[in-house]
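Working notes, structure below.
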Amino acid sequence: MDANLKEHQQQAPVPAAAPVAAQKAVANYKGFVAGVFSGIAKLSVGHPFDTIKVRLQTTDSSRFSGPLQCVTQTIRNEGILGLYKGASPPLVGWMFMDSIMLGSLTVYRHLLRDNLFNPPWHPLHDPSRPLPSHGHGLAGILAGMTVSFIAAPVEHVKARLQIQYAARKEERMYKGPIDCLKKVYTHHGIRGVYHGLGATILFRSFFFFWWGTYDVFSRWMKDHTKMSTPAINFWAGGLSAQVFWLTSYPSDVVKQRIMTDNLGGGIGDGVRRFPRWRDAAAAIYREQGAKGYWRGFLPCFLRAFPANAMALLVFEGVMRSLP
């Protein structure tokens with residue numbers, strides 16, 4: 001009997017760290033894959049709103065009195081495709097950007113939960129305890145900083161293309177994203193390509209509010225409604241995106257001013273106006289007062305819900321469907 005017991009103990013499976021590590025690696029991998037589909041969904045729904053937002057952010061009321069006039073003039077002068085100007089960089093860029101952002105967000109969530117908020121060596125460790133909402137916010141900040149190194153050049157090129165108002169390509173300074181990137185790199189090097197990186201990192205630090213409130217809304221809807229999981233993903237994604245833009249929008253206005261500022265030099269676009277972030281911020285206040293920090297907010301706010309709700313619906317759906 002003792003021999004049988006000993007044999008059974010030898011054959012009994014022993015928990016190992018390797019399978020746990022493998023499961024985490026798979027979960028992290030799924031986040032990067034699902035992020036690609038999220039980026040495609042976000043671009044398809046949100047880019048026309050983004051074009052109007054950028055044009056309003058970088059001009060004064062003498063050109064466009066508001067978003068409706070901006071839309072009508074853009075369509076009248078440039079056609080419906082004018083709303084999709086600069087879409088090529090984010091079509092590719094947002095696929096990578098959302099893949100990096102949502103994939104790294106998944107990694108940072110695991111790291112923060114297992115090493116800061118609920119470490120396995122702590123006497124109060126509870127394997128079933130989820131990451132708290134402010135932990136999701138911290139993961140959002142880290143993911144925002146990570147993706148900024150991809151987002152900055154993509155958004156830089158996109159912004160420069162979006163403020164070209166000529167209907168005919170031959171009348172524009174940049175024929176397309178490749179031409180824009182080539183000219184900037186030729187005359188200003190990698191530093192010119194990454195023009196506005198600091199402003200991008202600052203803007204994306206507000207991801208704390210996006211991912212923190214996404215967790216708050218998701219938990220509340222799960223506990224107090226009978227909505228399906230996809231519906232919760234959709235509504236929590238849209239509402240949390242609006243919270244994000246309410247907190248971050250002034251920093252985005254300053255970022256766009258910096259990214260569309262003249263670079264000077266061999267490009268021949270004029271003299272640079274904003275060598276520092278505070279120079280751009282001060283210029284906005286000097287020209288338009290406090291309301292200048294909110295110019296273009298309406299199309300951005302209208303875009304935030306459908307674009308990000310659809311993006312997170314797709315992201316969570318793909319995460320669930322991947323084996």
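Each residue, glycine too, has its Cβ placed from N, Cα and C.
TrEMBL annotations: computationally assigned, not manually curated.
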Choose the correct range: of 21-42, 131-152, which one does TrEMBL annotate as transmembrane segment? Give that range.
131-152
Ranges in play 192-212, 297-317, with TrEMBL marking transmembrane segment at 192-212
Over the repeat 'Solcar' (26-111), work out the mean pLDDT and round it to an integer.
83
The repeat 'Solcar' (228-321) resolves under DSSP into 76 helix, 0 strand, 18 coil
DSSP helix/strand/coil residue counts for the repeat 'Solcar' (131-220):
72 helix, 0 strand, 18 coil
